[in-house]
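Going by TrEMBL, these are the annotated features:
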COILED    266-293  coiled coil
COMPBIAS  25-39  compositional bias 'Basic and acidic residues'
COMPBIAS  407-431  compositional bias 'Basic and acidic residues'
COMPBIAS  432-442  compositional bias 'Low complexity'
REGION    1-55  region 'Disordered'
REGION    407-453  region 'Disordered'
Amino acid sequence: MACSACQPLHRQRSPGNGRGQQVPEPRRAAQAEVHRRNPEASTAQQHLFDKGHAAEAAARPIAEGVIGEELYPVTGTSEDHPHLLASLDGCTLLEDVLFEHKLWNEDLAAAVRAEDLPEAYKVQMDQQLLVSGAEKCLFMVSDGTEERCVWCWYHADEDRFKRLLAGWEQFRQDLADYQPTDEVVRPAGEAPEALPALRIELTGDVQASNLPDFKAGALRMIEGIKTKLVTDKDFADAESTVKFLQKGEKQLEASKQAALEQTASIADLFSTIDELREKMRAKRLELDKLVKAEKTNRRNEIQRQAEQNFQAWLGSLTSPVPPAHTLDVAGAMKGKKTIATLQSAADDEVARAKVEAQQEAKRLADNKALIEREQGDYAFLFSDWRELVQKDAEFIKLQVENRIAHHKQEEQKKLDAEREKIRQEEAEKAQAEAARAQQSAEPTKVEVQSAEDPRWPIDTSRLNAAADRGAALKPASQIAQPETVTISKKEYEQLLADQVKLYALLDAGVDNWTGYDDAMASLKAA
């Protein structure tokens, strides 16, 4: 952190000032403030500043007792983010602990006790911690005495730092697009000129009255009321006129009641009064309805325009998939009365949602890059990447590893099955070849011993028939009886398997092996 001597806060002006009002100014007002020179503080403001600085200085020793180190007030800028400025009420020599003081306020003191600080103060300390690189900040509210002093710790948070930087970036973009406009003072409404007081004197009949003149003036006034509302002045006039007409209705009713107290019934007088009162009432209701309808239209138009602008911006945002957001212009405008406050609330909500969407878009892009980096040659396993990128990074990494490992296992199973199939086919082929070779050799009677019948013979009918034919051609003394060997079925099957293995080795060129000759010599010697 680059530091400088501490200066009075209200004299500093920077888009990235780490200090500020307790409640952030509306976005348009803040942008306008950057475009004009800061006014000098009024006497009342200066008195408040002086009182706050005095309480801060008196509370610093208390804070040093809590922290256990000496504190120094400094103002600094960030080396990593030069546009950010922070004015610190106190900082330790190692710049690892900060001190932030606020003048005693019962509501704020209660928030400190509950460790639930208003967001504005959190944002201020976020910037101070980011600029200074400190680990934590002691937030204190006091009047400079230990009797009225409460405090709590606030710690650095990387996620909040990211939101803070994104917010300043969005503000700079909005500031670049901002066009200063003349400050518009909300016009004061003007009601029609007051009607002359209605004077009535009665005995048994009307003795004196200016009713004809009053009626003519009242009708002219009512007919001259403007009902086409366009400008803010029109709205202000209409609201004032509604109040004026409502007052006129009451005055007519009062005149009527005063006349009734003087006589039983004067039809013409009362019918005229009723007529005028009804016209005033009708005009008042018409105007009131127009004002409310137009306000609703203005509100809806501001909301529609804000949402349309945000969607257009969102369409231009670079992101693997459309980022989720929580834009709620209608909610932000709730409770706002004037066109200016409605527009400001809509602008602020759009700016907040832009920051949120930008952060989400970056997260999605990082997750997409993670998938591409980890998938290697297995991109075909991640055709659902649009859904996958919306998960958290740890889940994605584990999912990629599991999918690739499972795929490799399945591929190995297929390869093993294919090899086993080939081995079985080769074994069957070798067995068939061995059987054919056995049939072409000199027949030898072989008895196979089964597990059920140790003396169960194999079928030797063909061998016996050949022997019989030989006996018919040679004398009995010259016919050699076939040799027989009795082995178990298991031994017979082992001999066939060994024969298959031998043929397989010969086919593979085992006779070319350097130790083949030695093996054959050892076999013969045995």
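Keep in mind that glycine also has a Cβ here, set from the backbone N, Cα and C atoms.
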Same-chain residues at least 6 beyond the ends of the coiled coil (266-293) whose Cβ lies under 8 Å from its Cβ atoms: 198, 200, 202, 205-206, 209, 211, 214-215, 218-219, 222, 225, 227, 229, 235, 238-239, 241-242, 245-246, 248-249, 252-253, 255-256, 259
Helix, strand and coil residues within the compositional bias 'Low complexity' (432-442) as assigned by DSSP: 9 helix, 0 strand, 2 coil
Helix, strand and coil residues within the compositional bias 'Basic and acidic residues' (407-431) as assigned by DSSP: 25 helix, 0 strand, 0 coil
